[in-house]
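Report on the structure given below.
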Amino acid sequence: MALILPNHLTVKEGHLYIGKHDCVSLAEEYGTPLYVTDEERLRSNFTRYDEALKKHYPDVQLLYAAKANGNLTIMKIFASLGAGADVFSSGELHMALLAGMPPEKLLFNGSSKTREDLSLAVEKGVKVSLDSFDELRQLNEIAGEAGKIVEVSFRINPAIDVPTHPKIATGLATSKFGIKADQIVDAYRAAMECPNVVPVGMHCHIGSQILDVEPFAKAAEIMVRVAGEITDLGVRLSFIDIGGGLGIPYNHETEVAPTPQEYADAVVPVFLKGIQKLGIKPQLWVEPGRNLVGDTTVLLSKVNSVKTSHKKFVNIDAGFNLLLRPAMYDSYHEVIVANKADMERDTEYTVTGPICETGDIIAADRKLPRTEDGDIVAILDTGAYGYSMASQYNCRPRCPEVMVFGERSGIMRRGESVIDILNTMKKLPWHEK
Ligand SMILES: *Cc1c(COP(=O)(O)O)cnc(C)c1O
């Protein structure tokens, strides 16, 4: 079966192209391993998502989930298109502000924030999504000491089972995230009693890589129902945040994903019906991560060796140090031999990384063209949770990230060196001669 490629990936004269760029030439110019992102695709993904929702309701705010890909260049592009961000740490908050996102479009999420995190949120004037009663008490104290009033939401656990990998289902009744249904009203009541905190929103996020719109519609229904209970308490809701989670097709032969329009068509009417019934007009916030960045990026890697053992292994120079998803979530990523992209895929290989772990497998039992050392493989759909989850395991410096835009290409993050790794290490005083 032929692979269905998104329109920024094409095959010309046997080579895989990203935008106008030959992946083989990029690998030669910048070296491997190498992340390459297409700026046009990034922009069109954002616009498509934004427009799909705004067709139903003009008062929509997209909050890009910064953890999916925290490169500052990418955050700046989204900022210029009007995005805010869902940030999950002080570091991500700094990045979002640096990218030019206004504080009022930022929501500081997290189930285990430090007092320093909360102080930063207070100082910068961003909204905080609270995940526990302890956090409410701490934030009220910190805001009080600073003489400020902080706008908050609670993360609500909608207790719904979603069809995705258990490690990325975040809205189950048993999840570590959010406030249980029977404690939500108490949480808002407690917030209303805090002099330095104002509850103005509601937040949920049911999980990631979800390929069905039904769970999102169900979550929206739960959110507007809870909005009724909260409004009855006297809370004036200025936003309802329904989280992110819309998946993308990783298997380009078999998987289909709902489009952002199909997502919007299923979810926004439920939200609208609910708020009309309550006579309120909150902003609708959504927090896509993967859907905006996932398919924009390929990871290019060189074949170091091919070995026939009990099966045929293709040993490449990128492993779970750079792309953790297959090892962490058993994820599927399409692999294309970029310099043999039009050749028949007639040989079965397992593509493995250079890390000293049996589990360092990027793709198992895949049909590829006859592959040899020096070939360049492209691992598709690595824009989300790729570089952002990369590590220096095995003392391997992280690779560069390149952006392409029309005819142009440039480095948006340089590769690290072993010196970068060494620079953080210190000699202990009692070991000095
Ligand atoms: C991870 C996350 C998102 C984004 O999830 P995607 O599946 O990448 O869209 C949104 N909101 C919160 C709170 C998250 O933790």
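Glycine too: its Cβ is placed from the backbone N, Cα and C atoms.
Bear in mind that TrEMBL entries carry predicted annotations, made automatically and left uncurated.
The domain 'Orn/DAP/Arg decarboxylase 2 N-terminal' annotation in TrEMBL covers 48-293. Among the features that TrEMBL reports, N6-(pyridoxal phosphate)lysine is placed at K67. Summarising the annotation, TrEMBL assigns pyridoxal 5'-phosphate binding site to G245, E287, P288, G289, R290, Y385. Annotated substrate binding site per TrEMBL: R290, R325, Y329, E357, Y385, in sequence order. As annotated by TrEMBL, active site, proton donor applies to C356.
Features per TrEMBL, on structure.
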residue: K67; record: N6-(pyridoxal phosphate)lysine; DSSP (3 states): helix
residue: E287; record: pyridoxal 5'-phosphate binding site; DSSP (3 states): coil
residue: R325; record: substrate binding site; DSSP (3 states): helix
residue: C356; record: active site, proton donor; DSSP (3 states): coil
residue: Y385; record: pyridoxal 5'-phosphate binding site; DSSP (3 states): coil
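With a cut-off of under 6 Å between the Cβ and any atom of ligand 1, the binding-site residues G245, R290, R325, Y329, E357, Y385 reduce to G245, R290.
Applying an 8 A CB threshold to same-chain residues 6+ apart, the list for the residue listed as 'active site, proton donor' reads N394. G245 (pyridoxal 5'-phosphate binding site) sits 15 Å from Y329 (substrate binding site), taking the Cα positions as reference. Checked against Y329 (substrate binding site) by C-alpha proximity, the recorded positions K67, P288, G289, Y385 yield Y385 as the nearest. In the predicted structure, the domain 'Orn/DAP/Arg decarboxylase 2 N-terminal' (48-293) carries a mean pLDDT of 96. Looking at the residues that bind pyridoxal 5'-phosphate per the record, G245, E287, P288, G289, R290, Y385, the two CA atoms farthest apart are separated by 15 Å. Within the set R290, R325, Y329, E357, Y385 that the record links to substrate, no two Cα atoms are more than 27 Å apart, and one pair reaches that distance. Separating the Cα atoms of R325 (substrate binding site) and Y385 (pyridoxal 5'-phosphate binding site) is a whole-number distance of 7 Å. Between the C-alpha atoms of E287 (pyridoxal 5'-phosphate binding site) and K67 (N6-(pyridoxal phosphate)lysine), the distance comes to 11 Å. It is 9 Å from the Cα atom of R290 (pyridoxal 5'-phosphate binding site) to that of K67 (N6-(pyridoxal phosphate)lysine).
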